[in-house]
Amino acid sequence: MEFNGDRIPYLRDTWRDANMICGILPINPSSSGLWPSPKLPDPQANIEFWNYMFPHVQIIFLIVTILWQFFHFFLRRLGMIRFTSHMLTGILLSKSFLKENTPARKFLSTEDYKETLFGLVGACSYMMFWFLMGVKMDLSLIRSTGRKAVAIGLSSVLLSITVCALIFFLILRDVGTKKGEPVMSFFEIIFIYLIQCLSSFPVIGNLLFELRLQNSELGRLAMSSAVISDFSTSILSAVLVFLKELKDDKSRLGSVFIGDVIVGNRPMKRAGTVVLFVCFAIYIFRPLMFFIIKRTPSGRPVKKFYIYAIIILVFGSAILADWCKQSIFIGPFILGLAVPHGPPLGSAILQKFESVVFGTFLPFFVATSAEEIDTSILQSWIDLKSIVILVSVSFIVKFALTTLPAFLYGMPAKDCIALSLIMSFKGIFEFGAYGYAYQRGTIRPVTFTVLSLYILLNSAVIPPLLKRIYDPSRMYAGYEKRNMLHMKPNSELRILSCIYKTDDIRPMINLLEATCPSRENPVATYVLHLMELVGQANPVLISHRLQTRKSENMSYNSENVVVSFEQFHNDFFGSVFVSTYTALSVPKMMHGDICMLALNNTTSLIILPFHQTWSADGSAIVSDSLMIRQLNKSVLDLSPCSVGIFVYRSSNGRRTIKETAANFSSYQVCMLFLGGKDDREALSLAKRMARDSRITITVVSLISSEQRANQATDWDRMLDLELLRDVKSNVLAGADIVFSEEVVNDANQTSQLLKSIANEYDLFIVGREKGRKSVFTEGLEEWSEFEELGIIGDLLTSQDLNCQASVLVIQQQQQMI
């Protein structure tokens, strides 16, 4: 390359010296572009733009993003998670595939800036990942952890490490030797065992999140066990690092005074610094976080100054951890734990940094770290054999010692195996730990390569295997019939009422009043307030009956729900039992909380608010949540009991039951009966409502001319007629039920009938009857907009009918074991 010295004034006089080597300073990190401007001369103009630092980094970012997205597009269909795609991207760009001195290797290599820019970005990504995972983690999970989780967590880690060490010293001592000389150091072996026996909470949480098992009973148990595992292993690893520093340090304890040890011994200084930092996080940093929360007005965002100040402390803690010879993530993770999870502070930090860290920088960190994987060095069978044996033994021991306590606590065999697979899963923490150890010289290059390939294999096999072994929907299926049709007379009706927003409270209470609660026919209402999980990793289910007075002040904005339903309980004292819960979860997993609570409390009916709400005059839709709609559909598919979707309309003078009683009128309810199990379930609820003197029930039975002329022959129709006979007998006995039979021969006549009665009632009750073919609805399914409401329910809520009444759509229990 020829340089023109006249373009650089301070090199003009020395440029012609043949013995002088000149460089261009300062180095320009950015190019002048593909088409540089002649008005802005660049002394490095002869260098290709991609050889500049910043364009090179941007190209690597782009290639990594394209590759891992490409891999994940196909691998997710096989049940694999994103981390596997990140690893494959890194291996594809590593020395194993891109050989030295090839054009592709020179173009895609990060070695030129490995110790500067790429290393800095990777380190920042990794420590920010751990800080955010610390913010997500709820330490109260440890206090509420049961004996089962403690036993599994300790057994899978501490007991596994102990057993592995005994096996090594008693049986496998000669495995890591070559001609009598040790191939692997003692600390290398212990480090491998320690990492292999660990179950990292962030890794387990990410696996469960991507497999949508976070809300399952197995997922909660796995996360609780992982928390116990994390803390026990963190303490153990810190002790091991301290002992290694003592060994490597030139100064010895000997027979010196304790004061000399503390002052003169570097490992002791560092250990003391770690203890002081933990005390700082607990007694200074965490109170400051609560001070920030106190200074933030309710409903207002946290000031950016506070967030950036916290991030500066996070970077400082990483530097301190590195000085103390600890992993750089230890400091940020401790500070993350000290940040109160959830809104306003925890959620504000996550909303600001989570997407860029998890979506961009973390894949880049994994891919660039995997660049060091080099399969060409796997030449020695002794090396391979020793590492493979250590990894295999640790996996088998950990798997067995996780399965054993779970089985002893009465878990099914399949669930025990699934839990052991979850606890044995390896991810970004283990890969980062091996990369850090490789850079520090704790493990050899061949060890790093073999362990990295094992992590890739582990992450590629366990998630698909889990999907085949464990079906979370199976646990919601009941062994008994849990519906209103098969309830014993005068038995307690158990209802799970779901609240998505405060606007759902009044309509839900009004509907519960219509179920006729009395001392002879009591109603048990389990109220579940569902809120989106923001600012923490583990889902939370709060029982407000079990809360202390202190925790009631932090009820995640559920005060209105609790107070309103307590008043409902007082209004019907002795007839209504109310138990209120708040569930914090990600939207895709909320159905797990609903189904599990219904299963545990043996409810007969789940009531879900419809995903759309209307204005007061009914002229416009004021909210339309696709998330709530998908949640309702998931509950319909997996529910352990009957389900009702409640479409509330308050317009056109529609009244509540109390308002009708005050005006000496009755609350008008219409039950449309077309036939089928869902209609029979809906009619059972209508019969119960008829016991309330404030409610008038009208049962409109649709019958075709063919059905009227011919006698019923199929079993389903015979069940319909039997239930209708019971309704007619109640009418003859003086019950407040109006029964009418309408002859309808096609869908057009059904539409005309509904249009004629649409505004005569306060509430319609219909069955969903998904997939049931009927002469009454033939052809209408093509025009149905919301299939979760069924054909009749969808028609009643459509704008064409202009119905101003509320609608309750019932689906009978579907899942049975």
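Even glycines carry a Cβ here, placed using N, Cα and C.
Not measured: the values here are computed from a predicted model.
Swiss-Prot has this to say about the protein:
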- 54-74: transmembrane segment (TRANSMEM)
- 115-135: transmembrane segment (TRANSMEM)
- 152-172: transmembrane segment (TRANSMEM)
- 189-209: transmembrane segment (TRANSMEM)
- 223-243: transmembrane segment (TRANSMEM)
- 273-293: transmembrane segment (TRANSMEM)
- 304-324: transmembrane segment (TRANSMEM)
- 328-348: transmembrane segment (TRANSMEM)
- 387-407: transmembrane segment (TRANSMEM)
- 417-437: transmembrane segment (TRANSMEM)
- 446-466: transmembrane segment (TRANSMEM)
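Sequence-distant contacts of the transmembrane segment (189-209) (same chain, six or more residues past either end, CB-CB distance under 8 Å): 81, 83, 129-130, 133, 136-137, 153, 156-157, 160-161, 164-165, 168, 176, 219, 222-223, 225-227, 229-230, 233, 236-237, 240, 387, 390-391, 394-395, 397-398, 422-430, 433-434, 437, 442-443, 447, 451, 462-463, 537-538, 586. With a cut-off of 8 Å between Cβ atoms, the residues of this chain six or more beyond the transmembrane segment (273-293) that come close are 238, 302, 306, 313, 317, 320, 323-324, 326, 330-331, 334-335, 337-340, 344-345. The transmembrane segment (387-407) shares the most Cβ pairs under 8 Å with 446-466, out of the stretches 304-324, 328-348, 446-466. Panel annotation: around the transmembrane segment (152-172), residues 145, 189-190, 193-194, 196-199, 221, 224-229, 232-233, 236, 389-390, 393-394, 397-398, 401-402, 404-406, 419, 423 of the same chain, lying at least six beyond its termini, place a Cβ under 8 Å from a Cβ of the stretch. Below 8 angstroms of C-beta separation, residues 123-124, 127-128, 131, 270-271, 273-274, 277, 285, 292, 330-332, 334-336, 339, 345, 348-349, 352-353 of the same chain, each at least six residues beyond the ends of the transmembrane segment (304-324), sit close to that stretch.
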